[in-house]
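Visitor: This is the structure I want to talk about, given as C-alpha cells.
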Amino acid sequence: MDIKMASRAVLLAACLLALTCFHATASDPSLLQDFCVVDKMSKVRVNGFPCKDAKDVVAEDFFFSGLHLAGNTSNKQGSAVTPVNVAQIAGLNTLGISLARIDYAPYGLNPPHTHPRGTEILTVLEGSLYVGFVTSNTDNKLFTKVLNKGDVFVFPQGLIHFQFNYGTKPAVALAGLSSQNPGVITVANAVFGSKPSIADEILAKAFQVDKMTVDRIQAKF
C-alpha cells in the first residue's frame with residue numbers, strides 16, 4: 001500500500017469513527033422520515049410519541065407563540081422557565097431539539113438542576129448572569145462564568161448546573177437543548193421534596209446533618 005492509499009484508508013477510518021461516535025452520543029433517536037408529528041389521540045406507548053398520519057399534518061403542528069412574553073418570577077427562586085419542547089410543539093417529535101426562555105428577577109436563581117436527556121446551550125438576551133456547572137464524581141469540579149448580553153455558555157448533558165442573576169435589573173436568557181424532551185431534575189426538590197419522602201436517617205447521613213435539620217428543609221418542599 002503506497003502513502004496515498006494509506007492516507008485515504010486513515011481518512012476513511014476517521015470518518016467512520018466520527019459517524020459512529022455521533023450516533024452513539026446522540027441524545028434522541030435519529031428520525032427515519034421527514035417528520036413524525038405527535039398523534040395526541042393515540043394510546044400507543046413508545047419511547048417518544050407515535051406519529052399521526054402525514055396527510056393530517058398542518059403548519060400549526062410546527063408552531064408556537066409566546067416566547068416574547070416574560071415569565072412570572074414572583075416565586076421563592078425569582079425565576080421562570082417557559083419551555084418549548086415536544087409538549088408545546090407536536091412537530092418536534094423525533095427531531096432531537098427544544099428550547100426554553102428563562103426569566104430572572106433581580107437576584108433571581110434558576111436553582112441547581114440537571115437535564116438527563118440533553119445538553120444545554122444558553123444565550124443571555126438581557127442583563128447579566130453568573131452561571132456554572134459541576135463535573136461528575138470524583139472530581140466535582142465547578143466551572144463558572146459571568147455572562148453578559150450576547151454571551152453564550154454550554155452545560156453538558158446530565159451535569160448539575162445553575163444560573164443566578166446577581167444584578168439589580170431583570171435578566172432574560174434563551175436556552176437550546178439537544179432533545180425533544182430533555183427533562184429536568186431540580187436537585188433540592190428531588191432530594192427533599194420526593195413523594196413519599198426519603199427517610200430522615202438517609203438524608204441526615206448523606207448530608208452529614210441531624211434529622212431535625214432534614215425535617216426543617218423537607219418542610220419547605
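Backbone N, Cα and C atoms are what each Cβ position is placed from, and that goes for glycine too.
Just so you know, TrEMBL annotations are computer predictions that nobody has curated.
The following feature annotations were taken from TrEMBL:
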SIGNAL    1-27  signal peptide
DISULFID  Cys36-Cys51  disulfide bond
DOMAIN    65-215  domain 'Cupin type-1'
BINDING   Asn110, His115, Glu120  oxalate binding site
BINDING   His113, His115, Glu120, His161  Mn(2+) binding site
Visitor: Hey, of Cys36, Cys51, His161, which of those recorded positions are within 10 Å of His115 (oxalate binding site), Cα to Cα?
Guide: His161
Visitor: Check the Cα distances from His161 (Mn(2+) binding site) to each of the recorded positions Cys36, Cys51, Asn110 and keep only the ones within 10 Å.
Guide: Asn110
Visitor: Compare the C-alpha of Cys51 (disulfide bond) with the C-alpha of each of the binding-site residues Asn110, His113, Glu120, and give the closest one.
Guide: Glu120
Visitor: Rank aside, I only need the closest one: which of the binding-site residues Asn110, His113, Glu120 has its C-alpha nearest to that of Cys36 (disulfide bond)?
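Guide: So, of the listed binding-site residues, the one sitting closest to Cys36 (disulfide bond) is Glu120.
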Visitor: Return only the integer: C-alpha distance in Å from His113 (Mn(2+) binding site) to Glu120 (oxalate binding site).
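Guide: The separation of the Cα atoms works out to 12 Å.
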Visitor: Measuring CB to CB from Asn110 (oxalate binding site), give everything in the same chain under 8 Å that is also at least six residues away in sequence.
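Guide: Listed in sequence order: Gln77, Ser79, Val81, Ile102, Tyr104, Phe162, Gln163, Phe164.
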Visitor: What are the other residues, in sequence order, whose C-beta lies within 8 angstroms of the center of the C-beta atoms of His113, His115, Glu120, His161 at the Mn(2+) site?
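Guide: Same chain, not in His113, His115, Glu120, His161, Cβ within 8 Å: Thr114, Phe133, Phe155, Leu159, Ile160, Pro182, Val184.
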Visitor: Starting from the Cβ of His161 (Mn(2+) binding site), draw a 10 Å sphere and report how many other Cβ atoms land inside it.
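Guide: Excluding its own Cβ, the number within 10 Å is 22.
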Visitor: Neighbourhood of the oxalate site (Asn110, His115, Glu120): other residues with Cβ within 8 Å of the Cβ centroid, in order?
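Guide: Nearby residues not in the site list: Ala100, His113, Thr114, Leu122, Phe155, His161, Ala175, Leu177, Pro182, Val184.
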